[in-house]
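Could you have a look at this structure, given as structure tokens, before my questions?
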Amino acid sequence: MYNTEINIKKIKKIFAISYCVIFLTFYCIIPVFFMGDSVDKTISETLGAITLLSVFGFLASFCINFFPNHKQKYLVINGDTFSKYVFIIYILVVLLIMVTAGELPILASLRGASQEDLFGLREDFLKDRKGFEIIFSYLITIIDSTFFPFVIVRAFFYKNKSRFLYLLVFVLYSISFLEKGYFLKIAIPVFFFLYYKSKNKKTYLLVSGGVILALISLMFLLSKFDAIDASRDEPFFSIYHIPATIFEAVVWRMVAVPVITAYQGLELFFSNEFHGEYLYGATSSLLSSIFGLERINFERALYQSQFGGSETGNANQFYLIEAFINYGYVGVFLFSFLLGKIVKDMINTKNIAIICIIPLLFYNLFSSGLIGNLLSNGYLFFYLMVIYVRFK
């Protein structure tokens, strides 16, 4: 797995360029130049400035060795045994979730349930759990956000006989509750692994890109996208825009929604509700408990400002918005610096399965905070594994 043929310098260059291009395009160029006259220029320029500072912080940590190298003692464990335990735990948690859930959204969709009914079933499936069942959401998120995708990619690298079983179980679970972006947790790492292994990379990009778009479109179809009554005529960069086709819906969700949500997050922060006063970690359940702060669910407040009252709805928020509303420009730089350190350490393992998780981390940060990804999505535990564990 620790392939000495991996060109570390080339991979670092690819990820450095990818971070700059992707985040600058979505959160600097688009909001400043393409969102039109309906937006507040001060807010869109603030979003652009935050992103520029982030690029500087990320590259500083990523490209400059601030921390001296030292000999590290590792815990060496059997990779196949580790994979089997992760798979067993994943199966057990999935079974617990399904047994304690009501009707599965996929079954409701197949019997012709309405879009409203499907939305309620998806909310009840994980988000609206009560009592001890709340832990199911945390357990499955920790496993399926990092460890199980790592196990699947590793299985494909070694051509493990269980690799297709692992992949099939993950895909079936993702389809079961019709969460359109869930299967990307495995599609993204596998996509990059197969790209790394492919001989004709241009052909692979075209074919695999088409497959991923087709699967996303299928999820939109199963979730009753066509049941939407497109009666509002809102611009493309509006949260109230209603796409006319499934293809437009996919593009709108991938391109417009992240930018709109980041912009509206800053707009809400500077509004009379928050007055632009930094929250100093209050958006995190753990940090607010440690520092005795009143917990502020900013993502839910943003969702409610967009769509009205909801006890479970949360807006997907760009990770630098979390950094800025909590700690200002200093937070933006430090969060980006920390991210650069994490990504660099993952690449330095020369473990292709670990490296393939980096694009998934970028994808998650595209729509959620760094604190939540580290503490709730399992990336802190995964990073500790990266630092202290080696597989044989």
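Placement of Cβ uses the backbone N, Cα and C atoms for every residue, glycine included.
Note that this is a predicted model, so its numbers are computed, not measured.
Feature annotation from TrEMBL assigns transmembrane segment to 14-34, 46-67, 87-110, 131-152, 164-196, 203-222, 242-266, 318-339, 351-368.
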Are there residues at least 6 beyond the ends of the transmembrane segment (318-339) whose Cβ is under 8 Å from a Cβ of it, and what are they?
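Apart from its flanks, the transmembrane segment (318-339) reaches 27, 50-51, 53-58, 60-61, 258, 261-262, 265-266, 269, 274, 278-283, 298, 365-373.
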Among 14-34, 87-110, 131-152, 164-196, 351-368, point out the range having the most Cβ pairs under 8 angstroms from the transmembrane segment (46-67).
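Per the Cβ count, the answer is 14-34.
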Between the transmembrane segment (87-110) and the transmembrane segment (164-196), are there three or more C-beta pairs closer than 8 Å, counting only pairs 6 or more apart along the chain?
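These two segments touch.
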For the transmembrane segment (242-266), name the stretch out of 14-34, 131-152, 164-196, 351-368 with the most CB-CB pairs under 8 Å.
14-34
Which sequence-distant residues neighbour the transmembrane segment (131-152)? Criterion: at least 6 residues beyond either end, Cβ under 8 Å.
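Apart from its flanks, the transmembrane segment (131-152) reaches 82-83, 86-87, 89-90, 93-94, 96-97, 100, 163, 166-167, 170, 185-186, 189-190, 353-354, 356-357, 360, 364, 373, 376-379, 381-382.
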